[in-house]
Structures are given as C-alpha cells and as structure tokens.
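Worksheet for the structure shown next.
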Amino acid sequence: MSKYRIFFKNKGVINGVWLYVLQFFNTVIPLITIPYITRILTPYNYGEFSSALNLTSYFLVIVEYGFNWSGARKIAIAKNKEDITKIYSSIFFARLFLMFISFILLFLLSLILKIPTRQYYCMLILFLMIIGTSIQQIGLFQGLQRMKFISIVTVTIRTIATIMTFIFINKSDQVIGYTFLYSISFLILGIICMIYTHSFLRIKIKFPGLKVIFIELKDGWYLFLSSGMGKVFAGIGVTALQFFSTKQEVGAYSAIQKIPQMMIIAYTPFSQAIFPIMSKKIAENDINITKMVGKVIGILMPILLIMIISMAIFSNSIVTLAFGKAYSDYSILLIPLIIWASLSIINNLLGTQILVASGKTQIYSKLFVTSMIVMIACTLVLCKLYGGFGVALASMLGEGLLTFLLYLYIYKKGIKND
C-alpha cells in the first residue's frame, strides 16, 4: 500500500477532513445569509437581534464550559468503553446542571437590566441553542475521531434552516421569526446526536453521582477560564455598545465582526483535528511540540499579513458589498478586528496546542485572564471615547498582550510535558 493511501486512510486525517467540511459549511452559510439578513432587518433590528444573541451567548459559554476540549482530550486517551461512558455521562449531567443555572441567570438578568419585551422574547427563543448544546457532546465525537456523522447532520439541518430563512423572512420586523430559525437547528442537532450516541455508538447515560460531576467541573475550570472566557470577552464589546451607544452601531459592529470571525471559523477545524492527536503524542513523549508549532506559525504568518493588508486597503468596499451601504460608515472597524482575529489564531497555537495539550491548562488560564482583564478595562474606556472603533481597538490590544505573554512563557521558560 502506497504512503498516500495509508495517509488518506488514517483515522485522524479522515476526521480532520470531516471537520473541515463542517467548518467550510459553517463559513459559507453566513456568507449567504448575513448579507441578506442585515439588509432585510436593517441596522436597528439586526442590532436588537445581536443584543439578544450577545447576552444569550454568555449562558452558552457557561454550558459549553470548555468540555469540547477537555472531553475530547479525556476520551482520546481513554483506555476502554467503560471509561468513555463515565466521561460522557459526567459531562452530560454537569451540562444539565449548568443549563439550569443559566436559565435562572437569564431570568434575573432580564429583570435587573429591564430588557425590552421583544429582546427578552428573542433571548428565550435563543435559549433553545443552550438546550441543544448541552446535549450535543461534540467532544465525544472529536475524541473518538468520528466527525463524519455529525458533519453530515449539521450540514443538512442548517441547509434546511437557511432555505426557510430566505422563504419566510422578508420584512424588517420579523426579528422573532429569524431568531427561531437561527436557534432551532441547535436543538434538533442535539436530539439527533443523543439518539445516535445511544443507539449506534452504544454509549448509555449513567448517573455518575454528584461527586464525579463536581470533579468534572473542577477539572474543567481552568480550561473554562481560558477557552470559555475567550468567547465571553469577545462579546464584551457588543455588551459595552449596548449601554454606551445606539442599536444601529450595535448592529453594524455585530455584522462587521462576522468577517474576522469567519477567519477563525475557517481555522478552527485544523485546531480541533490536531488537538486530540497532539495530546496523545505529548502524553507518549513522541513529539517536540514547540518546534512543530513554530513551523506552523512560520507558514501562517505571511498568509495572515497578506489578509490584513488586503482587508485594510479594501475595507470600505468589502463592508458595503457584504452588508449594504447602511454599514459602510463603520468600515474602519474591520482593520483592528482583522488584526485581532489573526492574533487569536496565533494564540490558539501557542495556548491550546502547546500549553493545554501538554497539561499546563492552569498556566494558560492565568495568562489569558490577565490579558482579558486589560482588554475589558480598555474596552470600557475606549468605548466611551471612540464607540465601536474603540471596542475593536481594545480587542486587538488585549489579544496582542496575550500573544506577548504566551511567547514569553513558552520560548523563554521552555515546555516540559506534565
């Protein structure tokens, strides 16, 4: 058998291909729907939807808790099916607990902030995302390197939801309808994943006991602070704009932010595919992780620089083409946000693929939280001074600080596998 045939029959390679299929689709769908939705809903109504999504996303982060990474790592190195069942069950019940807490917090938040009625209804509908995510267990499929099924199902469900969006959403006041179509696919996917896990993978849910559940929460705490809080802090800008700016600027910032987010989405499957492999090889002392990641960064840097320069030059044209003329006045936001996304990709390689994969999650969390505290302080100050551009600038500065801290620790102190 030739080397090429062996390569393409490798389980890790096949899993990586399916992850790329999934993420390619997750990148293409927004390219199709966002230009349409931003034009139909207008900046104000899209801003209202974005405000609801932003606040609900905080609870989504709580439910995710970094389990997609910690669960994938544990399952990848699990010795037998009994261990896999225990990991799956403990994460499942931990997420149910976090989902219950999240719903209570959502209700309290709506009372404290006196959220407008329509936005509150949007948040309740978007909670379907949280329910769906809590039962999906993507980490199980990543750890087992069986992403084919979930990729096909996700593509099918989201295609149907997209078609329905174009058919039924055609007026600026249909925010509630769009919110439902946006969130229902998460719930359907979660239900299908549960059925597949129980019926085909033969992995049954068994209540592991409260002690095991809280141990799982404790084990995932530092990863939650890093990977989970990254998503929280990414939404801080929109939250600040909700209090210090207009719905129009919230809508414009949320729309333009999708462009750098798509860069990260395009990179994510590569990160997800190699993470369980890296974790296993590091555990077996079979790889020089810093040298390998350094080579990957060397390849990525020229590509990222070309993208930054190109988008800086053509920012106005890109924003107008993507979202419409109503958003062109805010095109300058794209420049710091593209730099932020590029640094975020570099930081994933340094933080997740080196520190987390080598068992140094706690160190990564401390460096991450330090940089994010600085970013929040900058956001509050710069948002008041410069609005959306100040928020974008603060994100870039916070991510840049994290890059510096990670480089300083990894390449000055060196890494030894824990």
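The backbone N, Cα and C atoms fix where each Cβ goes, and this holds for glycine too.
Straight from TrEMBL, the features:
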- 12-37: transmembrane segment (TRANSMEM)
- 49-67: transmembrane segment (TRANSMEM)
- 87-112: transmembrane segment (TRANSMEM)
- 118-135: transmembrane segment (TRANSMEM)
- 147-169: transmembrane segment (TRANSMEM)
- 175-201: transmembrane segment (TRANSMEM)
- 221-244: transmembrane segment (TRANSMEM)
- 259-278: transmembrane segment (TRANSMEM)
- 299-324: transmembrane segment (TRANSMEM)
- 330-351: transmembrane segment (TRANSMEM)
- 363-382: transmembrane segment (TRANSMEM)
- 388-410: transmembrane segment (TRANSMEM)
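With pairs at least 6 apart in sequence, the transmembrane segment (259-278) and the transmembrane segment (175-201) have fewer than 3 Cβ pairs within the 8 Å limit; the two do not touch. Outside the transmembrane segment (118-135) by six or more residues, the chain places 48-49, 51-53, 55-56, 59-60, 63-64, 92, 95-96, 98-99, 102-103, 106, 110, 175-176, 179-180, 182-191, 193-194 with a CB less than 8 A from a CB of the stretch. The transmembrane segment (330-351) makes contact with the transmembrane segment (388-410), as judged by at least three Cβ pairs under 8 Å among residues 6 or more apart in sequence.
Beyond the transmembrane segment (259-278), the same-chain residues lying 6 or more positions past its ends with a Cβ under 8 Å from any Cβ of the stretch are 12, 15-16, 19-20, 22-24, 26-27, 30-31, 69, 72-73, 75-76, 142-143, 145, 287, 289, 307, 311, 318-319, 322, 334, 337-338, 340-342, 344-345, 348-349, 352-353, 356-357. The list of residues near the transmembrane segment (363-382) in space but at least 6 beyond its ends in sequence, with Cβ under 8 angstroms from a Cβ of it, reads 222-223, 225-226, 229-230, 233, 236-237, 240, 351-352, 355-356, 390-391, 393-395, 397-399, 401-402, 405-406, 409. Tertiary neighbourhood of the transmembrane segment (49-67): same-chain residues 41, 91, 94-95, 98-99, 101-103, 105-106, 109, 115, 119-120, 122-123, 126-127, 129-130, 133-134, 137, 139, 175, 178-179, 182, 217, 220, 223-224, 226-229, 231-232, 235, 238-239, 242, 247, 250-251, 254-255, selected by CB-CB distance under 8 Å and a gap of 6+ residues from either end.
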